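Record features (TrEMBL):
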SIGNAL    1-21  signal peptide
DOMAIN    29-114  domain 'Ig-like'
DOMAIN    124-196  domain 'Ig-like'
REGION    408-435  region 'Disordered'
TRANSMEM  441-464  transmembrane segment
REGION    468-529  region 'Disordered'
Amino acid sequence: MTPTLTTLLLLGLSVGPRTRAQAGTLPAPSLWAEPGSVVPRGSAVTIWCQGILEAHEFHLDKDGHSMPWDRQRPLEPGNKAKFSITYVREQYAGRYHCSYQSSTGSSESSDPLELVVTGFHAEPTLSALPNTMVTSGGKVTLQCTSWMGFHRFVLMKEGEPRPVWTLDSQQPTSGQFQALFLVGPVTPSARWTFRCHGYFNNTPQLWSQPSDPLELLVSGVSRKPSLLTQQSPVVTPGQRLTLQCRSDIGYDRFALYKEAARDLPQHLSLQPQAGLSGADFPLGPVSSSHGGRYTCYGGHNLSSEWSAPSDPLDILVTGQLLSTPSLSVQPGPMVASGENVTLLCQSWSFVDTFLLSKEGAADPPLRLRSKYRVGHYQAKFSMSPVTSAQGGTYRCYGSYSTSPHLLSHPSDPLELQVSGSSGEPGPPATDPSSTAGPNRYLYVLIGAAGAFVLLLCLLVVLLVRRRRQGKGRKPAPGQLPPPRRRPSMPPCKTHSPRRGWSWTSGTRRMGTPKERRMPRLPHLTPPQM
């Protein structure tokens with residue numbers, strides 16, 4: 001070994017430990033932010049750096065700055081330092097590292113901390129496809145959309161400090177920029193509430209305002225509640241509407257869900273009766289936006305799992321189309337039980353669906369596709385055979401298949417009266433104060449008047465016939481017969497000289513030309529025999 005090489009090795013052994021300590025042979029510290037690394041503009045955030053007990057100074061470095069961003073002495077017990085930002089501004093966004101100094105040298109740098117500041121652009125919209133209700137173990141697609149041309153979208157889950165997913169944006173034919181996040185499998189063991197943000201590539205730590213929160217409902221197998229309304233499901237604009245969710249299970253909370261709606265109103269449970277639970281959801285005054293299909297769910301406070309959905313309830317809003325259909329009935333408004341009855345709904349304006357609603361009925365209206373017939377659109381609702389229970393007041397409406405919950409103005413009401421038949425009792429008597437009472441009594445009066453007229457006509461016919469019979473009787477003894485008019489008689493045959501008879505006439509007869517040239521014969525009488 002040459003003297004030069006030996007000298008270099010000795011120098012390396014003597015300098016090596018000090019050089020490694022200066023280069024960062026101590027373990028790297030931990031770096032985190034509270035309450036999280038994604039903070040709204042104007043809020044406060046605390047950055048913590050934790051190292052070893054021997055550390056006597058901590059340095060906070062930010063990318064793009066050659067000098068330490070901040071320096072702090074350790075807190076007791078001496079292994080971590082606190083860096084406070086009381087008012088977050090745009091310049092605080094960025095990537096941070098921390099390190100510490102000890103008597104033996106400097107530590108390695110910590111893993112980077114990305115401090116994101118939100119609130120610099122308009123918020124995007126977050127929705128669930130097809131809806132926010134997910135069965136336990138299932139998956140759902142969350143769609144984040146915006147009219148701003150964000151390069152990337154970020155999905156945040158409530159309770160987690162860091163983004164769940166980050167995706168490049170796409171621009172479909174709708175013109176909006178969007179990203180689709182597949183979430184799942186979803187379980188009831190945790191809450192599933194999300195928000196999304198958008199940002200541009202040149203400022204990746206400056207995000208938009210957060211979207212409105214979207215909570216996924218995890219439906220289970222517990223018994224479904226009932227959804228109902230005290231009014232008819234067919235409502236008019238301006239009307240007060242309240243939907244009621246009821247269950248015989250003691251649920252602590254209820255959620256009302258509208259198909260294709262993003263928000264889910266939730267109410268605490270009521271106790272209307274012993275053993276029952278429920279919640280009321282006031283929706284009035286009614287507008288066109290209230291039309292749609294609703295379901296409700298029940299849940300317990302100690303679980304994120306919801307019940308099975310209630311049966312759907314369709315709320316239909318009238319007066320949303322300019323047309324007004326007409327309603328007629330065949331064979332007539334008064335029929336006997338067992339007959340075949342057809343209610344005909346017609347409109348001169350185009351509608352592709354007709355609905356038939358019965359006043360006071362809890363069942364949803366009947367729907368039929370319209371058919372074009374000689375200049376108008378129509379649908380026939382058949383009742384074959386009709387029963388007394390189907391009697392009542394009916395109205396019909398038109399709608400479009402593209403907006404099935406928005407209806408036309410109602411037709412004029414049509415009252416169908418079904419009388420009883422043999423073996424089947426008729427409908428109960430109607431209270432005169434009811435709406436149908438005046439019409440029913442009017443029909444009775446018309447029928448009585450018609451019967452009276454028929455009876456009067458029959459009496460007149462009998463009197464005329466009796467008088468004619470009286471004229472044909474023989475006169476009593478000693479009573480002269482009434483004088484008669486002598487009728488005009490046609491020529492009669494009398495006895496002629498040749499044969500003992502001649503022609504006589506009570507009227508003048510012209511006869512043939514030959515007869516007119518013959519002399520007129522005198523009146524002859526039959527010869528005495």
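All positions are counted from 1 along the displayed chain.
Backbone N, Cα and C atoms are what each Cβ position is placed from, and that goes for glycine too.
In TrEMBL, annotation is done automatically, which means it is predicted and not curated.
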Structural state census, the domain 'Ig-like' (29-114) (DSSP three-state): 3 helix, 44 strand, 39 coil
Helix, strand and coil residues within the domain 'Ig-like' (124-196) as assigned by DSSP: 0 helix, 37 strand, 36 coil
Rounded mean pLDDT for the residues that make up the domain 'Ig-like' (29-114): 91
